[in-house]
Amino acid sequence: MERRNMIEDIVVKKMGFKLFFVESVCDDPSIIETNIMEVKVNSPDYKNMNTDKALQDFLQRIEHYQERYEPLEERLEPGLSFMKIYNTGEKVVVHKHEGHIQSRIVYYLMNIHIVPRTIYLTRHGESEQNLEGRIGGDSNLSHRGQQYAAALSAYIQQQDIPGLRVWTSWLKRTIQTVENVPA
């Protein structure tokens, strides 16, 4: 708390800025190990080190940080604005956020994912209005647009993606493009 008080004195009281702390709490061993193996072991600190040794070294660093760690607590620091993220988003606590910028930070951090994933982006298949040289509207797919939709669906099926989610607009041509995608 002493360090946070010092930061608050400088940033808020002396400089006149708003202050917003972000704390990440992770006590799930599987998340910790996965994060270490995917991110930390490949950092410059561990460039020429055996993977098991790097893992052990980083776990020791975590233990060292835990000795000095003072968690943010609403009842002990009721005036502070902060966000606590538990186990990469399993639980989120936002305390006394102030204003648009802090709200945007909260939104951004709540939508970050640390697990690797693939995102596919596609335009809709050719529409009837595209054939007329028109952009916009809410027309159906042309014959070639239907062929594109079938090819897209076949490709996605080959990928065999568990838990696949498809997002699209409400326009006919976009819905028709993905209606046979297995999601």
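All positions are counted from 1 along the displayed chain.
Here the Cβ of each residue, glycine as well, is placed from N, Cα and C on the backbone.
Feature list (source: TrEMBL):
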- 2-115: domain '6-phosphofructo-2-kinase' (DOMAIN)
- R123, H124, G125, E126, S127, E128, Q129, N130, R173: substrate binding site (BINDING)
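On the structure: features taken from TrEMBL.
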residue	record	DSSP class
R123	substrate binding site	coil
Q129	substrate binding site	helix
R173	substrate binding site	helix
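Here R173 (substrate binding site) comes close to H124, G125, S127, D138, S139, N140, L141, G145: these same-chain residues lie at least six apart in sequence, with C-beta atoms under 8 angstroms from its C-beta. Residues S139, L141, S142, G145, T177 surround the recorded substrate site, their Cβ atoms falling within 8 Å of the Cβ centroid of R123, H124, G125, E126, S127, E128, Q129, N130, R173, which are themselves excluded.
Of all the binding-site residues listed here (R123, G125, S127, Q129), it is R123 whose C-beta has the fewest other C-beta atoms within 10 angstroms.
Across the domain '6-phosphofructo-2-kinase' (2-115), the DSSP tally of helix, strand and coil residues reads 62 helix, 15 strand, 37 coil.
Here substrate is bound by R123, H124, G125, E126, S127, E128, Q129, N130, R173 per the record. The longest Cα to Cα distance in that group is 15 Å.
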